[in-house]
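Engineer: Under the heading O2 binding site, Swiss-Prot lists His65, citing similarity to another entry as support. Sequence annotations record features per position, and here Swiss-Prot assigns nitrite binding site to His65 based on similarity to another entry. Look at Swiss-Prot and you will find His94 tagged as heme b binding site, backed by similarity to another entry. Residues or ranges marked as domain 'Globin' by Swiss-Prot on the basis of sequence analysis: 2-148. Swiss-Prot lists Ser4 with the feature phosphoserine, giving similarity to another entry as the kind of evidence. According to Swiss-Prot, the phosphothreonine annotation covers Thr68.
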Amino acid sequence: MGLSDGEWTLVLNAWGKVEADVAGHGQEVLIRLFTGHPETLEKFDKFKHLKTGAEMKASEDLKKHGNTVLTALGGILKKKGHHEAEVKHLAESHANKHKIPVKYLEFISDAIIHVLHAKHPSDFGADAQGAMSKALELFRNDMAAQYKVLGFQG
C-alpha cells in the first residue's frame, strides 16, 4: 500500500504547513486526541490531571509533547515510506515503555487529519486528506508489524 510520488508531494506540502508551527499543531492534535478519546489520557501520567480543553491549552508541557510527537512523525513522513529504522525505534519505546495500543495511533491519525483540515482548509482538501490518511495508515501498519516482532499485543 505504497503512495505515489504525487501523493507523497501532497503529504509533504501539507506537512510544510505543520512545520510553520509544530508545537501549536501538536498541542491541538493532542487536545483533539484527549478530548475525543479520554481513555488515551490514562497513558500519560504527566497529563492525567488535565480535564478540560482549556486546561490542556494552558499546559506548556502538553505543547512541548505535541512538538515532540509531530517532529518525530514529520521525520518519518519525510522518509516517504522508507522509515524502517525510525519506526523500529519508535515502536520499541511505544510498546515496551509507554504501552501505546495501535488503536491509539489510529485515534491520533484521525486527530492529525482533523486539525490539518480545520487549520488549513484551502491547502488540505480531499486529495491531500486521502494522501495523508494513506501515509498515516502505512506508518500505523509498520508500527503494528514492529509491535508483533516485539511481542506486544497492543
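For all residues, glycine too, the Cβ spot is worked out from N, Cα and C.
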Engineer: Can you grab the distance from Ser4 (phosphoserine) over to the residue listed as 'phosphothreonine'? Cα atoms, rounded to a whole Å.
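Structural biologist: Approximately 28 Å lies between the Cα of Ser4 (phosphoserine) and that of the residue listed as 'phosphothreonine'.
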Engineer: Compute the C-alpha separation of His65 (O2 binding site) from the residue listed as 'heme b binding site', stating it in Å without decimals.
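Structural biologist: Computed Cα spacing between His65 (O2 binding site) and the residue listed as 'heme b binding site' is 14 Å.
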Engineer: What count of other C-beta atoms do you get within 10 angstroms of the C-beta of the residue listed as 'phosphothreonine', across all chains shown?
Structural biologist: 13
Engineer: Quick check for the class: what is the C-alpha distance, in angstrom and rounded, between the residue listed as 'heme b binding site' and Thr68 (phosphothreonine)?
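Structural biologist: Just about 14 Å between their Cα atoms.
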Engineer: Fewest other C-beta atoms within 10 angstroms of its own C-beta: which of the binding-site residues His65, His94 fits that?
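Structural biologist: His65, out of the binding-site residues His65, His94, has the fewest neighbouring Cβ atoms within 10 Å.
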Engineer: Kindly assign Thr68 (phosphothreonine) to one of the three DSSP-derived states: helix, strand or coil.
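Structural biologist: DSSP assigns Thr68 (phosphothreonine) to helix.
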Engineer: Could you say whether, by DSSP, the residue listed as 'heme b binding site' belongs to a helix, a strand or a coil region?
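Structural biologist: Going by the DSSP assignment, the residue listed as 'heme b binding site' falls within a helical segment, counted as helix.
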Engineer: As a quick check of your reading of DSSP, tell me how many residues in the domain 'Globin' (2-148) are helical, how many are strand and how many are coil.
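Structural biologist: Helix, strand and coil residues of the domain 'Globin' (2-148) number 114 helix, 0 strand, 33 coil.
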Engineer: Over the domain 'Globin' (2-148), work out the mean pLDDT and round it to an integer.
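Structural biologist: A mean pLDDT of 96 is what the model gives the domain 'Globin' (2-148).
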